[in-house]
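See structure below.
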Amino acid sequence: MGEPEPDDAVLFVGVSLVLGIASRHLLRGTRVPYTVALLVLGVALGSLEYGTQHGLGKLGAGIRIWANINPDLLLAVFLPALLFESSFSMEIHQIKRCMAQMVLLAGPGVVLSTFLLGSAVKLTFPYDWSWKTSLLLGGLLSATDPVAVVALLKELGASKKLSTIIEGESLMNDGTAIVVYQLFYRMVLGRTFDAGSIIKFLSEVSLGAVALGLAFGIISVLWLGFIFNDTIIEISLTLAVSYIAFFTAQDSLEVSGVLTVMTLGMFYAAFAKTAFKGESQQSLHHFWEMVAYIANTLIFILSGVVIADGVLQNNVHFERHGTSWGFLLLLYVFVQISRLVVVSVLYPLLRQFGYGLDFKEAMILVWSGLRGAVALSLSLSVKRTSDTVQHYLKPEVGTMFVFFTGGIVFLTLIFNGSTTQFLLHILGMDKLSATKLRILKYTRYEMLNKALEAFGELRDDEELGPADWATVKKHITCLNDLDDDPEHPHDVDDRDDHVHTMNIRDIRVRLLNGVQAAYWAMLEEGRINQATANILMRSVDEAMDLVSRQPLCDWKGLKSNVQFPSYYRFLQMSRLPRKLVTYFTVERLESGCYICAAFLRAHRIARRQLHDFLGDSEVARIVIDESNAEGEEARKFLEDVRVTFPQVLRVLKTRQVTYSVLAHLSEYIQNLQKTGLLEEKEMVHLDDALQTDLKKLKRNPPLVKMPRVSDLLNTHPLVGALPAAARDPLLSNTKETVRGHGMIVYREGSRPTGIWLISIGVVKWTSQRLSRRHSLDPILSHGSTLGLYEVLIGKPYICDMITDSVVHCFFIEAEKIDELRHSDPSIEVFLWQESALVIARLLLPQIFEKMAMHEIRVLVAERSTMNIYIKGEDIEIEQNYIGILLEGFLKTRNQNLITPPAVLLPSNADLSLFGLESSGFQAVLIILVYFQKIKRKTKDSKCFHACSREPCRLLSYCTQLPSGG
């Protein structure tokens, strides 16, 4: 036979693809796995070429070219695409849940399997191999090949949970097994390792690969963000980065290329899936599906050829060792036993982590330990080394490695791969649940109704006339399947609580699927951006895992993204530029509004679809009620922002409308071309203009314009009332801050650090000290000044202040207030009067909480006076007056001590008005509040005695109190 031509290699590829197409077409509907058929075809081709005298001519020459390919090149050609496609298609939330199980199987599991197989080979095989060589074969056979496993799982339609565990384990397992293989491979070639160097080597190769994969993922995803509506470039980038990452890992940095590409694919699954929209997403899916199909077809046929080559080309050696075939079967048994031992030893931990693992799933996990092209390529590397470096490895060792590895690949695919579906059937894992069967039956009934509706609309037309109903019915299966009207799937009279729970779980899943579909639609329509879509999709995925244990909870996963983060307070209090802090604030508000609006819209769409499909069944009503309840906090947040920052919602809606109009125009132009009214050149010209507008909208969207800080502060009653000379220095030392709903402004008992000026929003107060105050509406709204009283007296805050909406406020440090109060006596008096406004609301809520802050401010300004008393003076409170002790101490005539802040009432006031007990004066002293005017002592007045060394500061005002008592 002459020298093979390079073109012969192309012929082999073409014939392999034709065989693959024929197998896929002929095996559809059978129980024979596609990959198993390809392996058998590969063995057949190899046998015809290597086992017959004449061979296969030009095709045989191509077979020999591919069979002699460098094993490292074989991995470099096929693995990056297959690994990326597999890891990119996985569900990231399931990866996170199953990560512990995957690491257990791919870490300790691989090490245990390596030593089990290596020990079995050393102790039972007659080849006098060293421990290093035996462990090298053990590590090589410990790789459960992802190419084989993933292909099998996709064909059999295994459950997502089990598929994620097996697929993720096989991806990681493959990487770690190659690392272990490399370690023993270097030992066999004469290198020595102590315990420290082994740990260092394993850490560098594995952790370095993960870091490299993350680096390539971050860079490429950022690059992807700058590509706009160019499907070809987007898809090409994913292909290019997978190969470059693999090459960089394997050749440049000498870390695991498998783990690098796996990490890269998982990073894309987590952060880049929403970057591909519409046609790009469909094209990406079809592209990688095609790449995986072609690569799988070629690699499994080539594996079969290599197995035939390894057996038939070395028949002299097998004649000398006639028992090798028996030891191959024994090794297959050892492989299954080692897999069983690994899963059994780790089973207690596998049950505890992630989704758990039951006995049936563990059986499938044991049986799905297939070996494939990766192990075969590694054995070819050993053979190539044994042919060139005979000092460390004899040629027959390499030959036996290929023989045993190829035999194990063949046996696991033939026996395990062919019987996995049968095992799933025996274990009852391929059956539909009763709930799903009822849904299926009901859907068929709905299909019948839809078919009848469609026939009614189409049965006659003006050109062709009527259709033949009998013939139509014969060709449409659903028209013949249902003879009786089925029961509603969730109206079945079944008192079994388990069935009821399963029904609810099923409907929750369906509603969440509808919510996720609505998110994808909104991403397409431009209602949400990529970052928001990622957050929303992740919340649905996490809620899916909890539907069997609790009501719908996808909002739970969104709350942290809507509320301001805990570090935001320190960011606002920092010395960062105000524009940067404002930008972060607006971005957070925009993100929260996007999330809440999309959440409410998606749930509304999903509820409507669920109701249209299932009607008013009891289970459907339960889940719909859960969905409605979930939206309360989202609606509250949007309402708060509408009141506090209406410009944010207006800008977001403007962006959405602009994008929607441009998308509508783009669709209109495409429809004109389809109808023939526009030529392609004209359509391209118009479409380019629209794409330019879309790109401009993405790069320079409408921005929220926040009002100037000085304008907002000047409208606040405290700052606006100050003279310009005092106001200007205060403005430069004010820090703007935004607090989300439920955030703490300050805590009762904490040291006063400054005051808060409420610009927009409301806060709620609570206090243990004032717990006897029966406030019906304990809130303070815009225009309030919080913490001023405590700063003036220099004592801890007297209550908790917690936001009850989104609050826009300003913070002024206590030192600046002290400087302000000492700058002018009239300003100090004004500050004391301003502080009394909040104190009045706190101590006498039954009177003042019904009044707006500006009404209380007018009352204090027009009908109150502030007096200062020295020690020993008597203070008298007359009828129709209320006093508030702001500073200092008082004693009653019976020596009861009164501490500030406190309410001082005339003796004949009706205490029940203030929520006080009427059993004695002590109740009045417990309630700390407001002070007004002082008059001469009358018969209805009550006298207090100033007893503190410092002057007592009293504010008094006249009010119409009840005269009873």
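Cβ atoms are placed via backbone N, Cα and C, with glycine included.
According to TrEMBL, the features are:
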TRANSMEM  6-27  transmembrane segment
TRANSMEM  34-53  transmembrane segment
TRANSMEM  102-121  transmembrane segment
TRANSMEM  133-153  transmembrane segment
TRANSMEM  205-224  transmembrane segment
TRANSMEM  231-249  transmembrane segment
TRANSMEM  255-275  transmembrane segment
TRANSMEM  287-307  transmembrane segment
TRANSMEM  327-350  transmembrane segment
TRANSMEM  362-380  transmembrane segment
TRANSMEM  400-428  transmembrane segment
DOMAIN    718-820  domain 'Cyclic nucleotide-binding'
Task: Close approaches to the transmembrane segment (400-428) from elsewhere in its chain (Cβ under 8 angstroms; 6 or more beyond its ends) - done: 31-33, 35-36, 39-40, 43, 127, 137, 140-141, 145, 148, 152, 156, 158, 303-304, 306-307, 310-311, 314, 317-318, 324, 327-329, 331-332, 335, 360, 363-364, 367-373, 375-376, 378-380, 382-383, 386
Task: Same-chain residues at least 6 beyond the ends of the transmembrane segment (287-307) whose Cβ lies under 8 Å from its Cβ atoms - done: 13, 16-17, 19-20, 35, 38-46, 49, 63, 66-67, 74, 78, 81-82, 84-86, 88-89, 147-148, 151, 235, 238-239, 372-373, 376, 380, 402, 406-407, 409-410
- [ ] Report, as numbers and ranges, which residues of the same chain sit near the transmembrane segment (255-275): CB under 8 Å and 6 or more residues beyond its ends.
- [x] 75-76, 79-80, 83-92, 95, 171-172, 174-176, 178-179, 204-206, 208-210, 212-214, 216-218, 220-221, 224-225, 234, 238, 241-242, 245-249, 374, 523, 530, 533-534, 537
- [ ] Would you mind splitting the domain 'Cyclic nucleotide-binding' (718-820) into helix, strand and coil residue counts from DSSP?
- [x] 25 helix, 35 strand, 43 coil
TODO: Grab the pLDDT values for the domain 'Cyclic nucleotide-binding' (718-820) and give me their mean, rounded.
DONE: 85
